[in-house]
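This is the feature table in TrEMBL:
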BINDING   17, 77  Ca(2+) binding site
BINDING   341, 346, 520, 643  Fe cation binding site
DOMAIN    2-116  domain 'PLAT'
DOMAIN    86-643  domain 'Lipoxygenase'
SITE      101  site 'Essential for stabilizing binding to COTL1'
């Protein structure tokens, strides 16, 4: 008789055990074992063991099937299975990783953990993750799930956030004074939102700093030549430049920067209470002065210059300039929330998640690398579609938001998603006080850039040659699914549809990890700080941009802002999207032991040491700053898109 000894380990998190019956079946090249129940001490299944005696060897073990059946009439209680360990009659110990929740009546088939990347046995898929859905032509495809309760437990999380602002909301009530808006912050105040932003929101250097270190550091570019549709002259901006210089000279020296919102041109807006809402599609010119401050020096609110579309300047009437900055920031917020946050992180993360579950078995080495970075993404995206794509979310409405995302995806490039190339293409390598760039580049470096980096080391450990990469069918299917369903087979994007080298794999995996962790933190974590104070920029504006100079007042400014009800909704959304929840998994943490080989564990330790060093450097720098940049401190960067 041949004897197999099996041990199944339950997770250590709360409520991970079960009172249900747990069964296993061993499947090998020469046959399979009988269905056998695991023994466990006590009512709550913690760790189970079983012995299998078969008349002959099962051959090479390929799969372990784990099943969960109900115990009497007790209610459902999900069970988290960490791993299955099998000791064969030949004393070989084989690990079958699982790390997932099982519901009553559900089963899972597990592959052995020590399988070469290019070795094909079975392509075991989560059957509920095998369907893509087209949400809208021209947009990335999404999961077919409509409700979070349809998801497996391991990709769900408890989101129970509530914002109670009773007594503030009266439908249609307008703000009478800016000072009245400060009352909202009694419910949640941060150093930035409740103090610094309220005090400095009118200032030009604060306006400029937000395009470097606010929630959308992705749009500003160095300007060496003015666009023909932005006729700024030397005479216009001379008062705002250093004495004795010219606009042309400052452009040559790399001190002039541009933010162009042409992607907003012609985007349809919606109506509220029968009245149209408004967005700008403007251009803003910035000047880096000798003190290193980035200052706005000219704003045009529509793409085509005309007498009804003047160029606003800092020495215009105070409320004219405030309105110009308000409209420009508002369009920037819409682009931030719709493109750089929703599309570039959430939706791409969903594509990465779906492709991983569909194409990579749980024992695939890159599944082990990626699984911490796709945790809970499907859950939050189902919720986000209800929140961010609601008809009343911004001036655009659903139709406008969809059109904006279609335009952006059609021109998205691989280089724009890879941080070093993105920074170089925008000419921002040397602009001072760009803390997003500095912190993000440190993170990117420890993940990708040789000689010592996490992703490169992991990929090189599992793939000994480029030939191994080419032969890995599962890996090739994975990247092709991302190219097909995320970038709609757009070859002009530069997104690869296959891999030919180890370096290509490492670069792409780094892009994926960076986008769902570091980049998401950069565009998400500061939303309440910067975007909850509506005068600093609102997703919704009720009056058109000024068409002539010198006719505005503070009342015009107040009338342009959303009413009290919509202002509270905007603030509530900013708070919810910046909120923290329990069981946060930070970048560099691996709570599930998918790796059993010594070298990958050492690579993980090296990554954690690098992150600890970065944490200390950021803290030391921030201690000297009046306005610290905290959003990419490893202490707050999560492993995945979870909020």
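Note that Cβ sites are derived from N, Cα and C of the backbone, with glycine treated the same way.
What's the neighbourhood like for these features in this structure?
Just so you know, the Cβ of residue 77 (Ca(2+) binding site) picks up 18 other Cβ atoms within 10 Å once every protein chain is counted.
Long-range neighbours of residue 341 (Fe cation binding site) (same chain, six or more residues apart, CB within less than 8 Å of its CB): 215, 520, 523, 524.
For the domain 'Lipoxygenase' (86-643), the model gives a mean pLDDT of 87.
Its own atom aside, the Cβ of residue 101 (site 'Essential for stabilizing binding to COTL1') has 20 Cβ atoms within 10 angstroms in the protein chains shown.
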What whole-number Å value do you get for the CA-CA distance of residue 17 (Ca(2+) binding site) and residue 643 (Fe cation binding site)?
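Residue 17 (Ca(2+) binding site) and residue 643 (Fe cation binding site) have their Cα atoms 27 Å apart.
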Could you state the whole-number distance in Å separating the C-alpha atoms of residue 101 (site 'Essential for stabilizing binding to COTL1') and residue 643 (Fe cation binding site)?
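Here the two Cα atoms lie 21 Å apart.
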If you take the centroid of the Cβ atoms of 341, 346, 520, 643, the listed Fe cation site, which other residues of that chain have their Cβ within 8 Å of it?
342, 345, 349, 380, 384, 523, 524, 577, 641
Taking the Cβ of residue 346 (Fe cation binding site) as the centre, how many other Cβ atoms fall within a 10 Å radius?
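Result for residue 346 (Fe cation binding site): 23 neighbouring Cβ atoms inside 10 Å.
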Could you tell me the C-alpha distance between residue 346 (Fe cation binding site) and residue 77 (Ca(2+) binding site) in angstrom, no decimals?
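Cα-Cα, rounded: 30 Å.
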